[in-house]
Structures are given as structure tokens and as C-alpha cells.
């Protein structure tokens, strides 16, 4: 046991630690070098807010360094408070304090622990910095030359079994058989009992490889890797094991557009847009608040002239300025749904009241199927044209049936024996010479019915009879 340094007058006052902790447990928790000692006043030993002193600091700088390292640390779920105090060392000799207690057992448990203590004793005089607690577990992210704490490599770097060894070791997942020597907040009493019986034997952790307590002192399977940052880890790609209270990963990852999302995102996620809710860029890839105008689901195909959503820039070039009033059938721009659709027969539609779109030369007949004019040039339905053709054919057949040959008519005339028949040839010759002929005869002679027939049969041209 090292002798007291009478010139050392700087101490650190520890408060708010668990009442179940004694000097030995505190010394093991802080991994104090042999030059420092822990004292707990007996008057505060049974109090709900106990107080402990760590004596032996050579100067104020070392004491402040210890406070910066350990103030606010958690021991069995309680955050401790550390303050620097300049108090005379002779107070430790009073009866109200406990005797000096060294942090490590003076009796080595094995040849391995003897070698470790010899290395600590020889190198402790050269470097006065505290040992790095992360290097002790092989999880320190700083290089030995950059870390503000001391990295002193253990002689059994990968196979150290000494639970009280304070030196640097390899990570647990690199195949070493040594677990972390830092005390666990939930199992410190079991560790103390294990130390008293067999310091190199520990039980298996019941959580196995899923254990997220980086300070767990139980044995774990190969590949165990608890995150040193615990629930405060903000690394999206961290593959270590984390507590359940840690933020979960966002399912959208880098594509998350929710500026208020509380989940974890990778570093490649977009940043907040400078325009925030006033941004009107359609393809802006940055984050925006919920108050920003939403994007139109119809994109550039939106035909609503009153739509207040965001649209692509090319939408204005594709939207017809006439909107629903456009009647140009060949217009290729976008129109609203109120605009009439194109007629199935834009050129030959016969419906005069059709409200759909037609070609510019469309000209239907107002009378529709009731039109009887065979010379009408307007558009009619196929049914009307077919009916008109059938009617004309029927009239022609009727006309052929009613007409008689010249021989039949002559026989009927001879049979009737009308007085005008004997004057037929004389009538035709005089009419041919004079062109105009006035005929007078008795009633019933046949002049009104027979003479026009004689003239038509003889001349074969237009004959006017009055």
C-alpha cells in the first residue's frame, strides 16, 4: 500500500451515489490508481444522501480532470455529482472517517494479475492521466495519442481474465475471452460476490448476444457488440445492439420528406429548404413543412383552371386557354371534363341537335328524316336515304304497269268509235303545218281526251292543250 503524500491537499467530494456502495465498491467503480484513496465519513454512512471523499490528488488540475470525467455518470441508476475541494489531508486521520481503502486487492489472484499490477506501478509514475474506461473495454474511438485519457495496453491484450484489470483490451467481438470489466448498474452485487469467490469465473448473461448494456460484466457469446452510445446513438447505420428506448429507424430512410419526423435518418437525407412553406418548385428535393402547398396528383395533366396545388412548369404549355369553351376538334391541348367530347361520326352525323364536337364542314338537314326533297344536299340519316330510294323504285314499277302500247290504244279507240277518230290524220297534218290549231266539235266527240293523245303520239314532244 502506498504511503500518504503529505503535500497532497486536493480532494474530490462525491454525492448522490447509492447508499449501498462502500469504499471498496466505489474504488472499483472509479478504477482509481494506487495513489488515491476513498473515504466515507461515518456520520454520512447511513444517510439517504451519503458523501464520499477521494483524497490524494497532487494538484487541482488532476482533481478537475477527474470531475470532468465522472461528474454526471450513472452508478446503479443514480447520477453522481463530483466537486473539487481543497481540504487538509489531516482530516482523514480523524476518527469520523474510515481507514484508507485501496481499490485493488493486495493479494494477487494469479500470475496474470501480478504482471498487470507491476506494469501499472512502473508506468503510473510516467503518465499521471487517468486510465480510459473505454479503452479498458476496447471501445474507445480515439487514438491513444489523441485521447485525453491514458491508453495503457494490457500484457494479456486479447485473453485477460482479470476482472479488476484497468488496462486496455481488445473488443469483445474480436474473439477474446474477456468481457467488459466495468461494473453493471443492475448486477453489481452479483459481481462483488463473484470477486470474493473466484475473480476469473462469471456466469453467462441471460440476454446473450442481444444484451445492450455496454457495462455488463457477464459472459456473452462471440459477436456481442453493445453500442457505447446506448439510447443516445444517432448513427443510422450503426450495427451494434441498442436499448429499446433508442429512436427507431425511419422506414423511408433518405426518402423521408417529413421535416418534423422524429425517427432516425441517414446522413444522406435531404436538408431543410430555405424557402420552407413558400417553396413553389415542383421537383424540389429538400424538406418542407406541412404548411407548404401540396403537389397536385394529376401533375401536368391537371385540367382544372382553378386548382391551387403545385404543378410542373410544362403544365401551363399543355393547358388550353379556352378551357371547356374550346370547340376545335383538332385541338391537342388539355381541356377540362366540362368540354364536350368528340362525336363518333364527326363528318356524317345526321342529328341536327347533337351537342358533341364535329368537323367544321358538318351541315345536317333541319328536317331530318322527314325531308322529302330528293335534291337536298345536306346530311341525312342512312335510313332516310334508303326509304327514299325504295319509294322511287316502287313508283317506277307502278308507272310501268299503268302504261299501254300504241296497238292497245288503237284497238280501244276503234272499239269506242268516237267521231273524232276519223279526223286523226287530218288533225296531225294541219298541226304540223300551222303549229297552233283551234278545234271545235260537238260534245261527246272525244276532242278533249283523244286529240292530246294523237298529238303526243305523232310529235313525241311537248304539246300544250287548253
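Each residue, glycine too, has its Cβ placed from N, Cα and C.
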Region 'Disordered' per TrEMBL, picked from 151-175, 176-200, 201-225, 226-250, is residues 176-200
Among 10-38, 39-67, 126-154, TrEMBL lists zinc finger at 126-154
As TrEMBL has it, region 'Disordered' corresponds, among 85-122, 275-312, to residues 85-122
Matching 367-389, 390-412, 413-435 to TrEMBL annotations, region 'Disordered' lands on 390-412
What DSSP reports for the domain 'C3H1-type' (126-154) is 4 helix, 3 strand, 22 coil
Averaging the pLDDT values of the zinc finger (126-154) gives 80
